[in-house]
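Working notes for the structure below.
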Amino acid sequence: MAKSKYEYVKSFEVEDEVMQPNLIIVRIEGCNFERFSDIHDLEKPNDEKALALMNSCAAAVLEEYPDIVFSYGFNDEYSFVFKRKTKFYQRRARYFLRLHVNFNKMMSLIVSFFSSVYTTKWKEFFPLKEMKCPLSFLARVVCCASLEVLQAYLAWRQSECHIRNLYNTCLWMLLKSGKSAKEALEVLEGTQKQEKNELLFQQFGINYRMLPEIFRQGSCIFMTQAEDVVKHDEHGIPIKRMRRKPRMIHNEHIAGRNFWNGQQYLLMELGPFDNEIKKIKAEYVRSFLFENKLMPSTWIVIRIDGCHFHRFSEVHEFEKPNDRQALNLMNSCAVAVLEEFKDIVFSYGVSDEYSFVLSKDSKFYQRQASQIVSVIVSFFSSAYVMKWKDFFPFKELKYPPSFDGRAVCYPSTEILQDYLAWRQVDCHINNQYNTCFWMLVKSGKSKSEAQSYLKGTQTREKNELLIRQFNIDYNTLPIMFLRGSSIFRIKGEDSVMPENGTFEEVKQEIILSHSNIIEDSFWKEHPSILC
């Protein structure tokens with residue numbers, strides 16, 4: 001296909017990569033989950049159904065991504081451990097023979113898939129509760145330089161599970177007994193583990209160690225090899241094969257040698273723990289967290305793309321070359337993202353991708369790339385599943401979708417506008433090609449014949465083909481197909497000074513348009529977008 005003069009903006013894309021043989025962990029944790037649990041009236045301090053839902057999602061992640069061999073979670077967080085020789089989005093470095101793993105794609109795909117599965121499975125665990133709003137998770141990558149670091153990390157997270165659960169159990173029992181939040185916090189201030197245990201037993205008759213293991217110890221899920229019946233022969237005799245299956249365990253010492261070294265699959269994919277953890281040093285483990293702070297005073301673009309959406313669109317029988325309802329669903333999710341995250345000033349989308357622009361002075365999540373990408377891509381994924389029935393009321397969502405994301409910085413407004421122009425030019429190039437391609441296929445040609453027919457053709461030739469063979473004037477197709485979709489805010493009426501002497505907040509309206517954003521006229525008409 002032809003290239004545009006705006007292609008140079010691709011040079012600003014820098015991939016964040018992790019050099020092997022580091023062991024890689026992706027940890028996700030709920031964003032504003034206290035608010036989410038309040039809205040959905042989840043049980044305090046622990047909701048067993050909500051924890052079971054988290055565990056079910058984690059098991060689905062392990063089944064979807066074979067490179068993940070172990071996971072540990074509690075409350076609203078889960079850590080996923082990749083096998084030592086992972087090839088997840090792997091490629092060779094340009095100047096080195098060592099292999100690198102693209103952590104942005106790794107992290108964003110997992111948090112996206114987890115969010116989609118969570119939203120999909122909600123009704124399974126809460127059949128009488130409507131999911132009222134999309135949820136989102138933050139994600140980060142931990143690069144463990146050795147098995148000892150992995151062991152320390154797991155011990156740290158399980159210790160956190162115990163500390164938080166003991167504290168929250170005391171807090172909520174005090175609140176349920178009639179104390180105010182302030183009084184309960186004052187009672188617990190400075191208390192140690194033994195004092196909390198005594199408080200629970202003496203005041204509420206609760207033996208902490210008798211609480212369910214899932215609350216006190218968290219849940220670990222890892223892959224095992226197990227025999228499974230795949231089919232029956234002509235005599236009805238079952239034929240068995242060894243298959244990977246997730247197994248869930250609640251163990252008090254997941255970082256202990258006895259537990260770890262007793263799991264053959266973990267030994268094979270990761271290796272043994274040689275020593276016991278004597279003292280947990282949280283600061284030591286935190287030093288291995290992979291952080292990438294985006295350059296200040298630059299425009300941030302978060303671009304998300306559907307993962308394997310060719311297959312997804314075929315399975316769900318989307319209209320080719322464009323499915324209006326599928327595009328409207330993407331647009332609706334993007335509008336929801338702008339409503340949720342005020343730092344996003346503009347977005348542009350086409351097909352299964354969307355670009356979200358954050359202002360140059362944005363301090364959103366302290367400009368940490370992993371957190372910004374993960375919270376946006378997970379919210380978008382959850383919204384996509386929630387809104388599916390609004391746009392496809394007669395189509396079942398057959399499996400959860402997933403999106404990958406990346407963060408790119410652009411130093412000037414002009415280069416940002418060129419980036420957006422590049423995406424709109426790409427929209428035209430791809431849409432024109434796909435329109436011709438699918439018309440040829442629908443006319444009886446095979447896909448390979450259609451590709452050969454279009455090879456080397458220019459814009460004018462494709463337009464002539466559509467008119468001559470199919471009586472289609474390309475320029476009269478729906479404008480959303482030709483230009484993609486832009487979403488942005490416009491200011492409402494000017495602020496006025498009310499009687500109390502303080503300015504009211506300026507009202508803003510979110511606009512969806514199919515404008516030509518390549519021309520300067522659009523930006524002159526809406527100067528406040530990039531102001």
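Cβ coordinates are placed from backbone N, Cα and C, and glycine is handled just like the others.
Per TrEMBL, the feature domain 'tRNAHis guanylyltransferase catalytic' maps to 6-144 (among others).
Among the features that TrEMBL reports, domain 'Thg1 C-terminal' is placed at 149-232 (among others).
Break the domain 'tRNAHis guanylyltransferase catalytic' (283-411) down by DSSP state and the numbers are 55 helix, 33 strand, 41 coil. Annotated domain 'tRNAHis guanylyltransferase catalytic' per TrEMBL: 283-411 (among others), in sequence order.
Residues or ranges marked as domain 'Thg1 C-terminal' in TrEMBL: 415-500 (among others).
For 95-117, the entry in TrEMBL reads transmembrane segment.
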Would you list the DSSP helix, strand and coil counts for the residues of the domain 'Thg1 C-terminal' (415-500)?
56 helix, 7 strand, 23 coil
Tally the residues of the domain 'Thg1 C-terminal' (149-232) by DSSP class, grouping H, G and I as helix, E and B as strand, and everything else as coil.
56 helix, 14 strand, 14 coil
Along the domain 'tRNAHis guanylyltransferase catalytic' (283-411), what average pLDDT does this model show?
95
